[in-house]
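A.B. asks: From Swiss-Prot, for reference:
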BINDING   12, 49, 82  [4Fe-4S] cluster 1 binding site
BINDING   156, 160, 163  [4Fe-4S] cluster 2 binding site
DOMAIN    3-119  domain 'MTTase N-terminal'
DOMAIN    142-374  domain 'Radical SAM core'
DOMAIN    377-440  domain 'TRAM'
């Protein structure tokens, strides 16, 4: 049976990658067409995130709004991702109109699960962890523009006390080296110029190679950089403990590795880091940052921060602010701590008033935003290498792209430049983007 599928995504880049694969597997195996509105779809899928409590509640709000599509149109409603993995049957109990519940490791089984739900008239739940089977069953890679995500591993084995990822995505499993290279090469042939290598703990990648050896992330980056057409490489998300000497050296040796790094620290307090079971101190984190900056002068460093963790004192928070100033973090993500069921941190006592936590979060965000503004302002007058990825959202008569440090630049130029690296002189720093003047094609542009 053919039909139309709509996919909505909550959460991280890994979820965006998985959502594309959900649609692709239905397109390939059942002839579906992907649509942009749930009202036009025969199958409506929600790919969920369980990192934050509010994100989890958004799932059931969304499902409530979708109930009418099932009643009026007979649409099949499916829930995937980390909330599905965590809640399983409980989703159907709370939202009985849901037909299919599947985890991150079972999205490749979607066609069969949808068939079973339709034929049997009852909900189908499969949130098992069939190890590498997901990667073995992925559809052929399909490019949608000059940038692409490629998942190289799944899961996390760090078990930080606040985090649900090991429980929702399982232990770390690395995708075979040859499979990763084949996917990137295929995407490059389709016009992809920048690839982001994905994993919950991506620098723990240990991909088996055909000769029996193991490839780490640093070596993988060198192989990806050697592929025709690839002009820029990013990776996310990293853990400081796994940030190896060879990966630091990759920043010195490989010019195609973008000068921008997202390396979550969560806190600058050694006490809080210990409670979080992060496995490192603030000084050890700072030492790695200094070595990375020495290997790649001018690199932009972004991070994640949790404010109001149980037991965090004002002194602990001040330690975090000092680390932020020492590193000079660029645009980063920061949240109030949200206890997740089943994690060790959920049982910790917490006596800090909510208004104190909110005030700390505001101070932290103001500090980081001020750093980010200074970085943007320092770029005015410089010439940046920009990958043009589409028309400008602000002005359809202009084009836009991203710099190495991940800033959006809008500038006048012909749409035929989409998919090309160009040189742009930055003329203005705006709150959420830059403006620039096109100078020409980049001399070192990857073959297009």
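Positions of Cβ are set from backbone N, Cα and C atoms, glycine also.
Surface or core, plus neighbours and distances: that's what I need for these features.
C.D. replies: According to DSSP, residue 49 ([4Fe-4S] cluster 1 binding site) is assigned to coil rather than to any helix or strand.
The secondary structure of residue 156 ([4Fe-4S] cluster 2 binding site), as reduced to three states from DSSP, is coil rather than helix or strand. Cβ-based neighbour count (10 Å, all protein chains) for residue 156 ([4Fe-4S] cluster 2 binding site) stands at 24.
Averaged over the domain 'Radical SAM core' (142-374), the predicted model has a pLDDT of 96.
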A.B. asks: Determine, using Cα-Cα distances only, which of these binding-site residues is closest to residue 49 ([4Fe-4S] cluster 1 binding site): 156, 160, 163.
C.D. replies: 163
A.B. asks: Might you list, by sequence position, any residue in that chain lying six or more from residue 160 ([4Fe-4S] cluster 2 binding site) with a Cβ less than 8 Å away from its Cβ?
C.D. replies: 266, 276, 277, 278
A.B. asks: 12, 49, 82: which of these binding-site residues has the highest Cβ count within 10 Å of its own Cβ?
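C.D. replies: Going through 12, 49, 82 one by one, the largest Cβ count within 10 Å is at 82.
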A.B. asks: I'd like the number of other C-beta atoms within 10 A of the C-beta of residue 163 ([4Fe-4S] cluster 2 binding site), please.
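C.D. replies: Taking every protein chain into account, the count is 22.
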A.B. asks: Can you list, in sequence order, the residues of the same chain other than 156, 160, 163 whose CB lies within 8 Å of the CB centroid of the [4Fe-4S] cluster 2 site?
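C.D. replies: Here the nearby residues are 158, 159, 162, 164, 165, 166, 200, 201.
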